[in-house]
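Take a look at the structure below.
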């Protein structure tokens, strides 16, 4: 259990400290002036004790150890000699660039007409059918639906005469 740096009566688990500090900082922003430790942001110290804390902070050892340790030395086993290549693919200009649209139009791939207007979509689908089934593909005409008998009968509202006032 740890205590809140703003109010010693607040006691909580260490994992809840950061969340609690954010709340207390808003509440006590005008009354208590605390400085944040450069090694651990959960350490909030009054200004007179700040210098002493930075000298004796337990999280300072991580930084000091990093600063005083010798840099890593690569052994000869891990160094690789530079390999020179005889060919450079960037210099070869005889090969055309890859174009995915051209590839898809030639390969046996089903493409989707995304982002097209309805008329363009119908033309695209028709073109794709011709591409997949060959040039001898004939467009199948969809038969129109015949009107049902119920559609041919007049509704009761069609035979009514316009409303006239009684006299």
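Glycine is no exception: its Cβ is also placed from the backbone N, Cα and C atoms.
Features as listed in Swiss-Prot:
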type     : residues       : note
BINDING  : 4, 10, 20, 24  : Zn(2+) 1 binding site
BINDING  : 37, 43, 53, 57 : Zn(2+) 2 binding site
COMPBIAS : 128-161        : compositional bias 'Basic and acidic residues'
REGION   : 128-167        : region 'Disordered'
ZN_FING  : 1-28           : zinc finger
ZN_FING  : 34-61          : zinc finger
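Features as recorded by Swiss-Prot, highlighted on the structure.
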| residue | record | DSSP class |
| --- | --- | --- |
| 4 | Zn(2+) 1 binding site | coil |
| 10 | Zn(2+) 1 binding site | coil |
| 20 | Zn(2+) 1 binding site | helix |
| 37 | Zn(2+) 2 binding site | coil |
| 43 | Zn(2+) 2 binding site | coil |
| 53 | Zn(2+) 2 binding site | helix |
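Taking the Cα atom of each, residue 20 (Zn(2+) 1 binding site) and residue 37 (Zn(2+) 2 binding site) are about 17 angstrom apart. Residues 5-6, 17-18, 21 of the same chain, all 6+ positions outside the zinc finger (34-61), place their C-beta atoms under 8 angstroms from a C-beta of that stretch. Taking Cβ pairs closer than 8 Å, the zinc finger (1-28) reaches residues 34, 41-45 in its own chain, all 6 or more past its ends. If you take every residue in the zinc finger (34-61) and average the pLDDT, you get 88.
Cβ atoms within 8 Å of the centroid of the Cβ atoms of 37, 43, 53, 57 (the Zn(2+) 2 site) belong to the same-chain residues 38, 39, 40, 45, 50, 54, 59, 60, site residues excluded. Other than the site residues 4, 10, 20, 24, same-chain residues with C-beta atoms no more than 8 angstroms from the centre of those residues' C-beta atoms, the Zn(2+) 1 site, are 3, 5, 6, 7, 12, 17, 21, 23.
When the binding-site residues 37, 43, 53, 57 are compared by Cα distance to residue 4 (Zn(2+) 1 binding site), the shortest distance belongs to 43. The two recorded residues residue 43 (Zn(2+) 2 binding site) and residue 24 (Zn(2+) 1 binding site) have their Cα atoms spaced 14 Å from each other.
Residue 10 (Zn(2+) 1 binding site) is 20 Å away from residue 37 (Zn(2+) 2 binding site) when you measure Cα to Cα.
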